[in-house]
């Protein structure tokens, strides 16, 4: 999944863009002259050996995190933030005194860049750095920059300097499309903060924004909070599956993979038992979002959240979800029948399918039908081989090579972080990817892409190179073998590299819309598209080799893996439709027609099909309501777009350079600087309808990978 700092009006937008040829300055010319640095090494080998960094650079100059001189020590965050805040004051004065024109947008973008360069970096360091002092300093920097952003979002003079530009039709008509869109995005961010309102309403909007931030934080913490039950209330033989604390049993998750039906049932009922405080927090969060949306001129929070997306409005989202649900219903029933059959076989006393059953039994069916034990695949997917595979694919599709570069002393936060230079065959160095791939204590468990610095065209004509981090949680190498990936780890690696390429190739003029800073329902398209490449034998065959024997991964093993993913896939997708629909209803018309739990019950029965379990409140564990409020449908829509792009542009030949260049030009190069549907149209050469999106998702469930793979020899 994708991570971007979101600071409101002048903060980073969640958006992604590709490359542009204009505006390459002296930096790129210099790089072209020395395209391959002597410090670069082949990427595959670099990931299959232990890093030598700490030994090689003992006497080198300490550079600071990501090469930022101030960040050689935690105190440097204070220096960096003070520097950014001083620069901000100067830029605000410039923006307010400059006559309206394109220069206004450039100043706003520089203002956004100076704040994001500290905030985005700090956003990453506060969760990923192993040293508490660095994490705390980064947290403080985030708070400080956040406070400044709140002030800027309520600075009337700053707002009016942009309003003067957008109110002058002649001036607006003279702006190029990208500049105009960036100006409108800045204005949109101002207005959702309520700056256009009178003083009293503006204060109310600010107060609501603060309240929403606090409620979001509280709700998020509550989604992971364990529940406990007195020991004597649980059958003795299942207690050992859970943690004990005195007279209580602690339940901290759903135990979805447990083979014992009773363990899964107990975990489901106890972990999802409603908590009154969490329920009140959710109700207040939804109500506050609705009040804020209405205050700034929207009929619902969903209308506000969907502005500028592919879907554009809640009506289109609901049409998409309802049509998808209709198309899936028969397949989902068949999946539940298949699960019921397996449950009856293993547990004849109780064969009714309950919500805690599908994840476990679909796994059992998969294992029985297809021999896809991960340990059979891991030897073919050493990390070095997978990185080499990515390198081959990117080179053939886009003319891009990945080179390992030795980081300077102090540049990385853990000695096993690798630094990659991303180099185009004719355009030179495009940016840097820091690969934080290995497990360590206190490291967050999610796989993520972080923007550390966005690309933009600087005033001197040079291009500010993008810098990103890819964070995974892979096992470390052992004495006898390099790091070996399961098929799902390999797919995740390709997924996150899709985000990274979006960042590298989104070479926009403006930082505000660079790389992955685009609408949510478009942002996952490049990453999901990479999953299709990761599941194609013609691609896998380029790199999957046994780390000891060098033997290629047999074609039938890839075929089995692909076919196994279709087991109960309709039921899995139906579950996502249910979640997305629930999200839309919660953020739709208020006051809600019922309690959040009653709405959950109705929606589950209509859009999923398995019975609601009394005295449970799954919505109180739905953490995505915070970060993806009214936009949870985005993953399904991004997958539909990626599926269409794959089938129409890459299915015949996954290494088609002309299709790769078109993909870069039409979909990656504009980031948030162009309407997402225009990018989709440019790539597909047609305007897809809701029915097209639904058909793309449903046809993926039918794809006979085995036949296709055998035909592709």
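Indices start at 1 and increase along the chain as displayed.
In case you wondered, yes, glycine gets a Cβ from its N, Cα and C as well.
Worth saying up front: this structure is predicted, and the values here are computed from it rather than measured.
In the three-state DSSP scheme, residue 496 (active site) is classed as helix. The annotation active site is assigned in Swiss-Prot to 496 on the grounds of sequence analysis.
Feature annotation from Swiss-Prot assigns Zn(2+) binding site to 495, 499, 502; the stated evidence is sequence analysis.
Classification of residue 126 (N6-acetyllysine) by DSSP places it within a helix. Around residue 126 (N6-acetyllysine), taking its Cβ as the centre, 19 other Cβ atoms fall within 10 Å, counting all chains. Marked as N6-acetyllysine by Swiss-Prot on the basis of a large-scale study or a structure entry: 126.
Positions annotated as transit peptide by Swiss-Prot: 1-35.
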Cα separation, residue 496 (active site) to residue 502 (Zn(2+) binding site) (Å, whole number): 10
Can you grab the distance from residue 496 (active site) over to residue 126 (N6-acetyllysine)? Cα atoms, rounded to a whole Å. 21
Residue 126 (N6-acetyllysine) and residue 495 (Zn(2+) binding site), Cα-Cα, nearest whole angstrom: 24
Fewest neighbouring Cβ atoms within 10 Å: which of the binding-site residues 495, 499, 502? 495
For residue 126 (N6-acetyllysine) and residue 499 (Zn(2+) binding site), what Cα-Cα distance in Å is obtained after rounding to a whole number? 21
